[in-house]
């Protein structure tokens, strides 16, 4: 059959010449002419219809060279000699090869001209590209191809999709193929209503933004059943999308809340429990982040194998560094200022300037590189949202720190002493508690926790001398909002501010959302000057 | 009435301060304008602008001292009022550029053309008139302070809570003014001013005039503050500072007093900002940074809170030190210096320069008197001694818990 096809015009004209041509042709094609060769030769036929048919056949042949030819066609580098029925590919560097075999050819024949494309063909070409990868042995490529067919819903690849669907073993790929098939059927003019309704059901089950776009794009003029099916599917998808975007916002909010909580938790001790306004709190966070940097540098140069454990090593070190500096600050400055909160505020602000400048002098003013260990990088999909591992770990870490802190205050003797000193300093002193030692340790604890926060924040923020400043106002907002002197208030405050912020962001934009939150807190404090969970009784007036 | 207020307001240090200010305000511009360049006593124009800047800072410090030193309200957001006044003046100056801008648009300032504004936002209307801009310099900060204070004081937000929310206020404004679509030039702010009331802002004469005006504003602001603090109202303010609840129980409406003094102070800060902008030639959102407001508080602390003269002095001393340090090889150490200043002043010099000086002066006087009395009656000497020690304490430190 292909041979006859090749020979037909020749027969009608000059038998000998035709035979000669046929022989020449066969000589250049070592393999027996099959559907692939047939398809390639058809590119030379000249009409758009022939070219379209050729594309379809080429894809169906699944020949390894098919992709090369299609790409050449797409780029206008496919040349055909209408008389000799030979097709060539001109590479970008000008080298010419025979399209069917890939053998090098000296030069293009004079008569060869580029195979022409119109818009319909261009669509067919891109559909064909997808069709080709649909059969790829690589699972990810197959799924990707199915996704792109879902978007283009090109009828010509329907047989390929159906074949692929039948042959597919992998569940995810099977799903993708089924969705691609549904998309094609939905747009196919002559598909039955039953098929279309089935297709709508499949697309509805997919339920994401793309399914929505697909359903919106269905041309008018469908039967009543299909139209109402599309409308109800769209409504369902809209609900689904709204739900997922809620989930997404909630997750972002939780993530932001965990960062806020982490930054504020130390402040909840120093400000909330001790009543010390520590404006240098942010700098404790910064010190923790720089400790992480130093640990990672040491590991990089000495024991690169330990890199994945760098954070585990940094956490206790950061606690010790920030805690020690906290104790130092308490002993040298803050203890002289108890009962003078405004002066404490100014003095600690001065300390924060000194610490920032010290770090700037030691490490330079620019951002320092802190790497993510392998277990903290990457992300996974949950339904329709993407969750990054570092955010997830930070959330877990924050809750763990919170729980440990709570347990420490509740069950250890230091925690008991701290609570005693907070509640009634003089009574505690008469009971034999060394109140000044407890003060120092409490302040050290708060600072140390800020240091730990720095380790976590170094994973998601720039480690620069200004790191702390960006958290200090937020932290104070959280503590004040949650209610001073109450760790649970800080927890609730942090998460509600985080979630509120992320729900406002899509409506108002990131900066306006933040401004709105600040204004809301300012108004909230008017209403409840002592925060969400205010202490009651005499402690209020203290 | 007026003379009475004047005589009451002027004690010795206030008179000295006003005389020195008047002398500087007259002599420096005269030397700048009249003496030849090479003369030993000639003050170059850049120094006039620099001193003009200090004087504006001094007015800002004065406004903080009025509320912090006399009413116990520590505002960490006074930079916001200063910047708002500055923006009001900056808007007027922008409108004066007219067609001399890069894009030569007669109505829209350059940045608006650049950001594709089609017409002037409504809140820019009227700023082509000086009287309107001058009014806004007072009204905008005053109104913000009034609304903010009305909310805060009525619900009895005090102490550090107030400090923190004032800080949040200036931070929110900082974020807002950084936005391009807020209509105030975004990140770059307002700059490239050409003239003010028809005078070139770069000209020596204009600079000297602005300096004189700044000194005048500082002098008037100082007199207003003195008038307030020496009046009966001032006594109530001090009562509120020292024992708010007690004052309330005595029947005074604490909120109204606080609101009045807070709004007045914000207006003064606005005027300071308005005079500051034409002298430095730019206003940008950086002025809203919480750090700036806190720095202004330390000027007051260094000079001595609750003394007024000290606030102005502190602003000038600290800023002069800042200029000296940040322009020399010591620049990297300036923040260490500033930080140390915060710590040392609060720890070692809680009364500031003027406060400490006053205490020492009073102490000496009391001692002299005590010695005289001791010669007459040795039995009362011990009591006078302890009374002297009590004196001059600015804030009664109430120990928490």
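Any Cβ shown, glycine's included, is placed from N, Cα and C.
Looking at B:104-128, B:129-153, the range annotated in TrEMBL as transmembrane segment turns out to be B:129-153. TrEMBL lists transmembrane segment for one of the ranges B:76-94, B:361-379, namely B:76-94. Record note: among B:186-207, B:208-229, B:208-229 is the stretch given as transmembrane segment by TrEMBL. Pairs of Cβ atoms less than 8 Å apart link the transmembrane segment (B:76-94) most often to B:256-277, out of B:16-35, B:129-153, B:256-277, B:333-354. Residues 5-6, 8-10, 14, 17-18, 21-22, 24-26, 28-29, 32-33, 45, 48-49, 51-52, 55-56, 58-59, 62-63, 65-66, 70, 199, 237-238, 261, 264, 268, 271-272, 275, 278-279, 308-309, 312 of the same chain lie 6 or more positions beyond the ends of the transmembrane segment (B:208-229) yet place their CB under 8 Å from a CB of it. The stretches the transmembrane segment (B:256-277) and the transmembrane segment (B:129-153) meet in space: the count of Cβ pairs below 8 angstroms, excluding pairs fewer than 6 apart in sequence, reaches at least three. Remote same-chain partners of the transmembrane segment (B:47-70), defined as residues 6 or more beyond its termini with a Cβ less than 8 Å from a stretch Cβ, comprise 24, 28-29, 32, 78-79, 81-82, 204, 207-208, 210-211, 214-215, 217-218, 221-222, 225, 228-229, 234, 237-238, 241, 261-262, 264-266, 268-269, 271-273, 275-276, 279-280, 296-297, 299-300, 303, 305-308, 310-316, 319-320, 323, 394.
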